[in-house]
Amino acid sequence: MEISVKKIKEKSVSFLLAFGITLIIPWVVHYIGLGLNLKDPSFLGKTFLPMHIGVFLAAMIYGPFEGVLVGALAPIVSFMVTGMPIAAPFPMAQIMTIELTAYGFITGAIYNKTKNEYISLISGMLLGRVVVFIALSMNFIMIKNPKFLPTSFIVGGIMAGLVGIVIQLAIIPMIVKKLKK
């Protein structure tokens, strides 16, 4: 099978757009939070989960490798450019790197097998959180920090992000179906 240079360029440009979405949407959401002078400027990010959207899209449109790439790089690049997600004292950037990388791989791999947007998206969301729970549990065992319980972090994250999860379930499958036509 011969791949044309034009196809590679098209895929590269659209992949960079997906990666850009993963950086731009969170930036806009966080700056709206700053503009609203919220007590916690990351509140809107925790509620709407904007960085997740581009990762799930990249995983389903391009595959697990690209999903991993976007998931692993987005929190790091975003932190370097905007300072969000924070890296210390609470290691949100590191946790999100693990989380989004897992989402990218799991969602992309399941979508490649099933071609079902909802099954792959929900599976990615659930199994990605299992990966984060395991990583947090290993961290908890090593540092024994009672303020940082893995269960409370996962449950709290899901509860805070319910609006974002609903938005993702509503828009991501539609976008993927439109782009895959």
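Here the Cβ of each residue, glycine as well, is placed from N, Cα and C on the backbone.
Look at TrEMBL and you will find 12-32 (among others) tagged as transmembrane segment.
If you look up TrEMBL, you'll see 44-62 (among others) marked as transmembrane segment. Within its own chain, the transmembrane segment (44-62) is flanked in space by residues 11, 14-15, 18-23, 25-26, 28-30, 32-33, 36, 38, 69-71, 74-75, 78, 84-85, 96, 100, 103-108, 111, 117, 120-121, 124, 157, 160-161, 163-165, 167-168, 171-172, 175-176, 179-180, which lie at least six positions past its ends and keep a Cβ under 8 Å from the stretch.
Marked as transmembrane segment by TrEMBL: 69-87 (among others). Cβ atoms under 8 Å from those of the transmembrane segment (69-87) belong to residues 18-19, 22-23, 26-27, 30, 42, 45, 51, 54-55, 58-59, 93-94, 96-97, 99-105 of the same chain, restricted to positions at least 6 beyond its ends.
Sequence annotations record features per position, and here TrEMBL assigns transmembrane segment to 118-141 (among others).
The list of residues near the transmembrane segment (153-176) in space but at least 6 beyond its ends in sequence, with Cβ under 8 angstroms from a Cβ of it, reads 46-50, 52-53, 56-57, 60-61, 95, 117-118, 121-122, 125, 129, 132-133, 136. Here TrEMBL flags 153-176 (among others) as transmembrane segment.
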